[in-house]
Amino acid sequence: MVRHWAAEGGLLLFFTACFILPFLNFVRYMPLQDWWSDAPVVLAIGLAALFTLKRGGEGFALPAASLVLLLLTMLLAASNGLLLDNAKGSSQAVGSLLAMLLLSLWLDNRIDLPLQRICLLLAGAVLLGNGLQIVLGLIQALDLARWCRGWVLFDYNEPTTVMGNLAQRNQYAQYLSWGLPAACYLHAQDRLRTGLCVALVAMLAVMITWSGARLPLAYGLGICLVSWFWLRRAGADSVLRRMATALALSVLLLALVQLFNRELVWLLNWIGLPVHTFSGSERILDAGFGARRRIEWTKAWQVFVEHPWLGVGLGRYAAQSVWLEVFAGLPKAPENWLFTQCHNLVFQLLAETGGLGAAIAVGGLLACLLPFFGKGRQSAENLLLLLLAMMMLTHSMFEFPLWYLPFLAMLTTVCTLGPAPRWRLRTPIGLLRWSCIAGGMLMVAHVVSGAMIFQRFVQYSAPSRSAEENVRRVDYIGKVGVDPLWAKSADLVLGNYLMPDRKHLDLTLPFYEKLARDQPYVAVLLRLSLCRALAGREQGARDALAQAIANYPDEAPKLVFTLQAWQEPEISPLKAMALRAAQAYQEHGANTDAGRMAAVMTVAAPVTRSTLF
């Protein structure tokens, strides 16, 4: 009995570290905004990996999820490291896949609790995390976050935006949407009283609505369709019927709150609560109903067509997107940030991993998820797991949640716990066991050392006034950058210390050429443009500045101001370009879509093509 309780307690702590703590992260500083969101997941999996396989065991279990992760990791490590010259750029993604491989092996080999007990713990952890995020969302909706001394995130431009500490409304809405099947599952298992279940679902529906996210409308439809299929296959199961009924009522309540949000807000204002929120249904046509996403999908498809087998390399879509925004002749829907992702999982995989990587990833997902629909597998536990996967994958068609470790860990958990095939391999496990232990120790060491590195990088993000101190900092950043897992962040921080300079072009020009291939932010593109100009590469300099203006049109006036400090004659054409874009931007309205469009069209090729959709 004690051992049973210890196993359940340990698993609950693991779920807490993976699915609650990461979403409470309030320490979001450049260039590592999400480091403390990923660190608890890495630490939890690292500790679990120490105990993945039992000493003296005869063989081990290999779930389908582990096999898929192993194949994908091997392909991407080999292709990026050996063929695409992208070993450092791909290290974080490959490391994440290895962590998920350890997670899958641990769940299948060391967690011997019944699936029902595991799902009860998982649902409980999800609801606990949701409850904390509801409180944070209410603080934001009431415009109290600014008084919380940084413990609660808020948007300076729109301080009442409801996003919890996930910092993105769509991520927040998806996380809270997990709570709907979790609450209904616990209620169906008589672990959550009706009154408390109704109250929780009502608060979830309100906060999901107030986030302004539109995808919960699709989640609701998916919940209804999957639940209907489950009932058709296993309608005699009383627990399943209770869960499906509760889910139907939850979706109905969510729909009603979405439709009548204006009336709800009016009522709250009438009683004195300063709530000013919009529902997803009210925002359904915002941003041209996803016009920029369709442009990014078209770019990703073009990248895939040009690199069909292995893709352009992990993490390299951003540079392709920035270049295509200027020169591809695509329609324009200008925004003012870097699209590191094309906002669609399939297109992103095609662009960065090619047909081979996408086939393994998508085929693996199908192999893990299709067995849920097999006859006789329509249990309440499988319904809970499949609904979680459905929401993550639906979101992945329009965003990129799986690039964050907590979401990827949840999908790995679902795929491992589900009814997908698994094999028992009768083979000596000594080497594998010690490999898992070594991997776990490296992950723990990465988090422990990373806490100090994170603090240093935030502190070093701006140079000091002391030249001697700056030399010491550059030396430290360079040493940290030797670690592939820190290389990209180190390069970005180091860029603040390597200013364009004619005397050191042999150092700064190749540095910014490389940095722009991986992280083409506006400052990087501007410095690359200056380096190219000083090196006598006028057309290359103009191309880099055009990419900066086209992808960051709101920065055009700042570019003019920055370039004014340069008196070299080679910089004059760049000054003229930036001034022309800034004037168009101001004439058509600063911080408006018209102003952004005007600035972009001063440097972009004329529109000659349409999007895929």
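Cβ coordinates are placed from backbone N, Cα and C, and glycine is handled just like the others.
Taken from TrEMBL, the feature domain 'Protein glycosylation ligase' covers 162-187. Residue counts for the domain 'Protein glycosylation ligase' (162-187) under DSSP, helix first, then strand, then coil, are 19 helix, 0 strand, 7 coil.
The domain 'O-antigen ligase-related' feature in TrEMBL is assigned to 200-361.
As annotated by TrEMBL, domain 'Virulence factor membrane-bound polymerase C-terminal' applies to 384-559.
The annotation transmembrane segment is assigned in TrEMBL to 12-29 (among others).
Here the transmembrane segment (60-83) has Cβ contacts under 8 Å with residues 53, 89-90, 93-94, 97-98, 100-101, 104-105, 107-109, 310-311, 313-314, 353-354, 356-357, 360-361, 363-365, 367-368, 412, 415-416, 420-425, 427, 429, 432 of the same chain, all six or more residues outside its ends. Taken from TrEMBL, the feature transmembrane segment applies to 60-83 (among others).
Summarising the annotation, TrEMBL assigns transmembrane segment to 89-107 (among others).
Using a Cβ-Cβ cut-off under 8 Å and counting only residues 6 or more beyond its ends in the same chain, the transmembrane segment (119-142) has close neighbours at 8, 11-12, 15-16, 19-20, 23-24, 148, 152-154, 159-166, 172, 175-176, 178-179, 181-183, 185-186, 189, 191, 200, 203-204, 207, 210-211, 273-275, 277, 380-381, 384-385, 413, 417. For 119-142 (among others), the entry in TrEMBL reads transmembrane segment.
If you look up TrEMBL, you'll see 195-210 (among others) marked as transmembrane segment. Beyond the transmembrane segment (195-210), the same-chain residues lying 6 or more positions past its ends with a Cβ under 8 Å from any Cβ of the stretch are 127, 130-131, 133-134, 137-138, 141, 162, 173, 176-177, 179-180, 183-184, 186-187, 216, 246, 249-250, 253-254, 257-258, 261, 264, 275, 277, 279-280.
Under the heading transmembrane segment, TrEMBL lists 216-231 (among others).
If you look up TrEMBL, you'll see 243-260 (among others) marked as transmembrane segment.
The transmembrane segment annotation in TrEMBL covers 354-373 (among others).
Among the features that TrEMBL reports, transmembrane segment is placed at 380-397 (among others).
Annotated transmembrane segment per TrEMBL: 432-454 (among others), in sequence order.
With pairs at least 6 apart in sequence, the transmembrane segment (432-454) and the transmembrane segment (216-231) have fewer than 3 Cβ pairs within the 8 Å limit; the two do not touch. Summarised as a single figure, the pLDDT of the domain 'Protein glycosylation ligase' (162-187) averages 96.
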